[in-house]
Amino acid sequence: MNTFPLFFKLEDRKVLIVGGGDVALRKADLLSRAGACITVLAPSISHEIQALLSDSKHALIYENYNKTYMTDSRVIIAATDDETLNHQIHSDATALNIPVNVVDTPHLCDFIFPAIVDRNPIVIGISSNGKAPVLARLLRARLETLIPQGYGKLAKLAGEFRGDVKAKIPTLTGRRQFWEQVFEGKVSQLMFSGNENEAIAQLQADLDNTAANITAKNATDESTEAQNTMGEVYIVGAGPGDPELLTFKALRLMQQADIVYYDALVSPQVLDLCRRDADKVFVGKKRSNHAVAQLGINELLVNSAKEGRRVVRLKGGDPFIFGRGGEEIESLRSHNVPYQVVPGITAANAAASYAGIPLTHRDHSQSVRFVTGFLKAGAPNNNFKSFLNTDETVVFYMGLHSLPRLTQGLIDAGRSAKTPIAIVSNASMPNQQVLTGTLASIVELQAQHQLPTPALLIMGDVVSLHHDLAWYNNKKTSENDNNWLRGGTATTPKPNPNQQAHALSMIANLATEDGGLEQLVID
């Protein structure tokens with residue numbers, strides 16, 4: 001973000017507005033709602049401003065601008081139609097280290113007035129950083145229709161009970177869970193329907209019941225207490241990287257989490273959607289360097305749940321497609337930890353859709369197979385002969401690292417060297433790249449263009465459709481007969497080395513014990 005959103009306390013603080021017309025009126029109206037003591041400085045001040053600021057706490061000064069009036073001002077607003085004067089006001093305020101806003105001149109603003117949704121004490125500010133104020137206002141209009149007015153009353157009610165809740169519920173986690181139940185339950189519905197007295201009574205009853213349960217729990221033995229405080233684990237598929245491809249359920253659980261254990265293939269954009277104050281722990285793995293071994297991850301999930309925490313295990317793609325989600329829930333079951341599994345869009349689906357390569361097509365492919373492309377050193381390529389079916393699409397996960405061995409093994413097994421194959425890098429992301437060729441040419445093409453990980457391979461006749469069906473980031477940057485590169489060139493900025501290393505985190509996990517190819521066939 002280019003500007004940081006802050007909420008400024010201006011109650012009983014001096015604010016200087018230079019200008020007395022309609023623009024000054026709009027700013028004065030907003031600032032007066034925040035309780036500011038407003039001084040308007042202008043040789044002529046509109047009747048509307050005079051009426052708005054009739055309270056004695058405000059001051060109207062009918063004079064030309066003079067920087068001496070800046071003294072003790074918390075913020076300054078330049079709202080004149082004189083460009084030279086506005087620059088002077090900005091210069092004087094800057095010299096005095098006072099934040100200044102020159103209306104409709106973003107480069108002279110230390111702060112920006114956002115579009116505001118006011119449900120006092122709940123306030124939402126929306127800003128385009130001065131780039132598109134009309135768009136910000138349109139977003140505000142949408143939010144106004146989505147957020148009931150009752151949220152303000154609900155927040156005030158919570159403020160009145162805050163002290164009692166803190167006294168009766170000793171733990172931070174317990175208080176947060178209590179308030180979430182209040183805001184998502186009967187109390188909020190009563191408030192939104194206008195039954196304020198009933199809402200107050202319901203909140204008091206909920207608090208009394210919770211306090212009684214805490215007292216009863218403290219009187220039991222440790223085993224009962226541990227059972228009562230058991231949390232829950234959510235195994236969540238984060239999808240391929242584009243946050244718009246998350247499911248609603250994934251987003252909801254991510255925003256409820258107390259702690260998030262995430263893999264290397266979870267994009268920063270998706271991770272940012274988790275609850276802000278949740279603990280975020282990286283447990284990704286890369287070849288021969290695991291941040292946390294799988295058994296350690298299993299133990300972390302169990303222990304966090306036993307602490308009463310809501311745990312999100314966030315995995316790139318889908319948890320049950322080469323993601324070890326099954327191993328993790330086996331561990332959870334053995335410890336009687338409740339869990340949920342939220343599917344995600346797996347990389348194969350995203351890469352195919354965003355590259356314009358249908359995985360099945362009546363004229364080209366009647367089935368699709370998902371296979372891990374990583375081979376252990378020296379492992380026999382016994383499975384390659386199973387990939388000779390030309391009316392089948394094969395998707396190799398994590399195949400880029402072993403691309404030369406993979407393509408040569410397929411050719412040696414009898415697959416035509418002219419078989420179309422594509423590399424899709426950073427599928428669904430703005431820096432997505434697609435490189436197409438054949439089994440015979442793709443290794444040399446990859447050496448030339450250096451598409452980065454994370455990437456997967458799609459092999460089969462359907463790859464030939466990419467030429468006509470590509471739609472996303474559809475910039476053709478290289479063409480040589482049937483070889484295509486879309487979405488970038490060799491000079492395209494690559495992720496930083498740490499991120500590239502993290503992208504390999506799943507490779508070691510996906511190699512089978514016998515060194516063969518692990519696979520999933522969908523007919």
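Cβ from N, Cα, C; glycine included.
Annotated S-adenosyl-L-methionine binding in Swiss-Prot involves PRO240, GLY316, GLY317, ASP318, ILE321, THR346, ALA347, ALA427 plus, out of the candidates MET254, MET398, MET459, the residue MET398. Farthest C-alpha pair in the S-adenosyl-L-methionine-binding residues PRO240, GLY316, GLY317, ASP318, ILE321, THR346, ALA347, MET398, ALA427: 16 Å apart. Around the Cβ of PRO43 (NAD(+) binding site), the number of neighbouring Cβ atoms within 10 Å comes to 10. Recorded residues ASP22 (NAD(+) binding site) and GLY317 (S-adenosyl-L-methionine binding site) have their alpha carbons 53 Å apart, per Cα-Cα distance. A Cα-Cα distance of 32 Å separates ASP263 (active site, proton acceptor) from SER128 (phosphoserine).
When the recorded positions SER44, SER128 are scored by other C-beta atoms within 10 Å, SER128 scores highest. In this structure the alpha carbons, written CA, of PRO43 (NAD(+) binding site) and SER128 (phosphoserine) are 33 Å apart. Take the mean position of the Cβ atoms of PRO240, GLY316, GLY317, ASP318, ILE321, THR346, ALA347, MET398, ALA427, the recorded S-adenosyl-L-methionine site; other residues of that chain with a Cβ within 8 Å of it are GLY239, LEU265, PHE322, GLY323, GLY344, ILE345, ALA348, ASN349, ALA350, TYR397, LEU456. Neighbours of GLY317 (S-adenosyl-L-methionine binding site), defined as other CB atoms within 10 A of its CB across all chains, total 29.
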